[in-house]
Amino acid sequence: MSITDVLSADDIAAALQECQDPDTFEPQKFFQTSGLSKMSASQVKEVFRFIDNDQSGYLDEEELKFFLQKFESGARELTESETKSLMAAADNDGDGKIGAEEFQEMVHS
């Protein structure tokens with residue numbers, strides 16, 4: 001599966017353009033521009049599985065660092081502050097990782 005099977009390549013490019021500079025990544029803006037926020041819960045969970053490198057069922061900070069690169073291989077890494085901010089926005093139970101449900105809730109919030 002490729003991310004462009006579920007999201008438009010043009011929408012992904014536009015979303016990445018908005019946050020190409022370090023410390024400009026805003027999750028909600030990214031989700032809206034990329035089209036993720038318009039997807040159903042099950043579609044968002046499919047995207048989650050694509051982002052979950054080790055297929056553990058969770059995203060940790062190391063996986064979040066490469067979040068943008070899952071949408072386009074040439075995209076930049078998230079900065080440490082962006083990574084921590086993304087984790088804080090989604091980690092509802094405070095266990096230091098983001099599950100599929102937490103990810104879906106963040107995308108649709």
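A Cβ is built for glycine as well, from the same backbone N, Cα and C atoms used for every other residue.
Curation plays no part in TrEMBL annotations; they are all automatic predictions.
What TrEMBL records for 39-74, 78-109 is domain 'EF-hand'. Sequence annotations record features per position, and here TrEMBL assigns Ca(2+) 1 binding site to D52, D54, S56, Y58, E63. Under the heading Ca(2+) 2 binding site, TrEMBL lists D91, D93, D95, K97, E102.
Cβ neighbours of Y58 (Ca(2+) 1 binding site) (same chain, under 8 Å, six or more residues apart in sequence): D52, K97, I98, G99. For D93 (Ca(2+) 2 binding site) paired with E63 (Ca(2+) 1 binding site), the C-alpha to C-alpha distance reads 18 Å. Long-range contacts of the domain 'EF-hand' (39-74) within the same chain: residues 1, 3, 6-7, 12-13, 15-16, 19, 25, 83-84, 86-87, 96-100, 103-104, 107-108, each at least 6 residues beyond the stretch ends and with a Cβ under 8 Å from a Cβ of the stretch. Listed in sequence order, the residues N53, Q55, G57, L59, D60, K97 complete the 8 Å Cβ shell around the Ca(2+) 1 site centroid, once D52, D54, S56, Y58, E63 themselves are left out.
Across the fold, the C-alpha of D95 (Ca(2+) 2 binding site) and the C-alpha of E63 (Ca(2+) 1 binding site) stand 15 Å from each other. The distance from the Cα of D91 (Ca(2+) 2 binding site) to the Cα of E63 (Ca(2+) 1 binding site) comes to 14 Å.
Ranking the binding-site residues E63, D93 by the number of CB atoms within 10 A of their own CB puts E63 at the top. A distance of 18 Å separates the Cα atom of D54 (Ca(2+) 1 binding site) from that of E102 (Ca(2+) 2 binding site). A C-beta separation below 8 Å, combined with a sequence spacing of at least six in one chain, links E102 (Ca(2+) 2 binding site) to A90, D91, N92, D93. According to DSSP, the domain 'EF-hand' (39-74) comprises 19 helix, 2 strand, 15 coil. Per-residue pLDDT, averaged across the domain 'EF-hand' (39-74), gives 95.
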